[in-house]
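Chemist: Residues or ranges marked as domain 'Orn/DAP/Arg decarboxylase 2 C-terminal' by TrEMBL: 25-373. Per TrEMBL, the feature domain 'Orn/DAP/Arg decarboxylase 2 N-terminal' maps to 38-282. Positions annotated as N6-(pyridoxal phosphate)lysine by TrEMBL: Lys58. The pyridoxal 5'-phosphate binding site annotation in TrEMBL covers Gly238, Glu276, Leu277, Gly278, Arg279, Tyr375. Residues or ranges marked as substrate binding site in TrEMBL: Arg279, Arg315, Tyr319, Glu347, Tyr375. As annotated by TrEMBL, active site, proton donor applies to Cys346.
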Amino acid sequence: MSNYIVFDRARLANYIREHKLTTPCYIYDSTLLEDTFASAKKALDKNFKNAEIHYAIKANHHLKIVNIAKKYGMGIDCVSGGEIRRALEQNVDPQHIVFAGVGKADWEIELAIDNDIFAFNSESLEEIEVISQIASSKNKQVNICLRVNPNIDAQTHHYISTGQFDDKFGIAFIDVLKWLKNDFQNFDNINIIGLHYHVGSQILNYQVFQSLAITTNEHIKLLKQNDIDIEHINFGGGLGIDYQNPHQNPIVDFDNYFARFREFFEYCDDVKLHFELGRSLVGQSGVLVSQVLFNKVTQDTHFAIIDAGMTELIRPALYQAQHKIEALIDESVDEKQHYHIVGPICESSDVFAKYYQLPKIKRGDLLAIYSAGAYGKVLASEYNLRPTVQEYFI
């Protein structure tokens, strides 16, 4: 029996039936959430004297999760005005809010400036000019970290790679250096306080983080050679989770992650470090529970048609993501079957898995789709006029 209800099939099924929850629905394990945030904070404090985690709210913006992040002394990493509002509404200290994103609208920039957030992570030189103009009109000083595109292969799905030159994110360091040397002095109302990086998402090869640390060393050395000092380095996030074995690895190895930066980044004691973790904090805590609507056999293909679809969890359709799936039925069922597990949406891409082995299932059986706590509900849609999927914390 697992300590976490999301990984205990019998307890999870009983809870759903006892509380008459309508499927599909998201179930979050509050204990696992707390344990994960606590583990990350403990590992951060073990490895660094001056560092901060900003929870990447885009992974899951539920109020309860924002408040857990705040409880463990974390700031918030935002990529929209709506996310800034969510953080402010939950009384997150604006001085622990950072704002990234390649396309910041004027109203979003104004919102951030009016509320005195800690820093913008700016992704283009023209963006800096616009921020400066708006800040000047309000007679305010604004902190900016320049998002550098380090041209590092994150070894992840190309849709969530963000640190190579053909990705839309960040500024090439050569352009950053040129701008700081030649143009920065023309902007009186902005403070360039540091550099920001984020090379991708769902990164499992820790060598990528080692490479990022080493590349950042070189950038700082070049800045120092040009008499440019910075106070902050934001390494972004990207730490992945184990989608294949969530039961065995419910909490990622945060200590190993932070230790890579401690070992290979040469300026840990000279600057304040920032990390933007999202998926690794919330991904394993959530499970999407669905009910089998029909079994269908076409030639030799067995389909399990379930009531969850790409409208509830789009990751398999969008990224070809593979989630572990289990039937919440009696473990004594010996007969196995390979299924195409598909949703009800009128799209051929509405497929969770193909040739996936499960115990033989029937109409009304419950399926658990694991590792759905990040980029699940936040990416849900009303396509086909589907009702909004509900979320429950237990």
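Numbers here mean position along the shown chain, with the first residue as 1.
Note that Cβ sites are derived from N, Cα and C of the backbone, with glycine treated the same way.
Any TrEMBL annotation is an automated prediction that lacks curation.
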Chemist: Looking only at Gly238, Glu276, Leu277, Gly278, Arg279, Tyr375, which the record lists for pyridoxal 5'-phosphate, tell me the maximum pairwise CA distance in angstrom.
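Modeler: For the residues that bind pyridoxal 5'-phosphate, the greatest Cα distance is 15 Å.
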Chemist: According to DSSP, which kind of secondary structure is Arg315 (substrate binding site) found in, if we only use helix, strand and coil?
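Modeler: Helix, per DSSP.
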Chemist: Out of the recorded positions listed (Lys58, Leu277, Gly278, Arg279, Cys346), which are within 10 Å of Arg315 (substrate binding site), Cα to Cα?
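Modeler: Cα within 10 Å of Arg315 (substrate binding site): none.
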Chemist: Drop a 10 Å sphere on every Cβ of the binding-site residues Tyr319, Tyr375 and tell me which sphere holds the fewest other Cβ atoms.
Modeler: Tyr319
Chemist: Just counting, how many other CB atoms are there within 10 A of the CB of Arg279 (pyridoxal 5'-phosphate binding site)?
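Modeler: A count of 25.
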Chemist: Counting distance between Cα atoms, which of the recorded positions Lys58, Glu276, Leu277, Gly278, Tyr375 is nearest Glu347 (substrate binding site)?
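Modeler: That would be Tyr375, the closest of Lys58, Glu276, Leu277, Gly278, Tyr375 to Glu347 (substrate binding site).
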Chemist: Can you tell which of the binding-site residues (Glu276, Glu347) has the fewest other C-beta atoms within 10 angstroms of its C-beta?
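Modeler: Relative to the other binding-site residues in Glu276, Glu347, Glu347 has the fewest Cβ atoms within 10 Å.
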Chemist: Where the distance is taken from Cα to Cα, which of the recorded positions Lys58, Tyr319, Cys346 turns out closest to Glu276 (pyridoxal 5'-phosphate binding site)?
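Modeler: Minimum Cα distance from Glu276 (pyridoxal 5'-phosphate binding site) across Lys58, Tyr319, Cys346 lands on Lys58.
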Chemist: Tell me which of the recorded positions Lys58, Tyr319, Cys346 ends up closest to Leu277 (pyridoxal 5'-phosphate binding site) in space, Cα to Cα.
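Modeler: Looking at Cα distances from Leu277 (pyridoxal 5'-phosphate binding site), the smallest one goes to Lys58.
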Chemist: For the recorded positions listed here (Leu277, Cys346), tell me which residue's CB has the most neighbouring CB atoms inside 10 Å.
Modeler: Leu277
Chemist: What is the set of residues, excluding Gly238, Glu276, Leu277, Gly278, Arg279, Tyr375, whose C-beta falls within 8 angstroms of the centroid of the C-beta atoms at the pyridoxal 5'-phosphate site?
Modeler: Ala56, Lys58, Ala59, Ser201, Gly237, Leu239, Ser280, Leu281, Ala374
Chemist: Spatially, and counting Cα to Cα, which of the recorded positions is closest to Arg279 (pyridoxal 5'-phosphate binding site)? Options: Lys58, Tyr319, Cys346.
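Modeler: Looking at Cα distances from Arg279 (pyridoxal 5'-phosphate binding site), the smallest one goes to Lys58.
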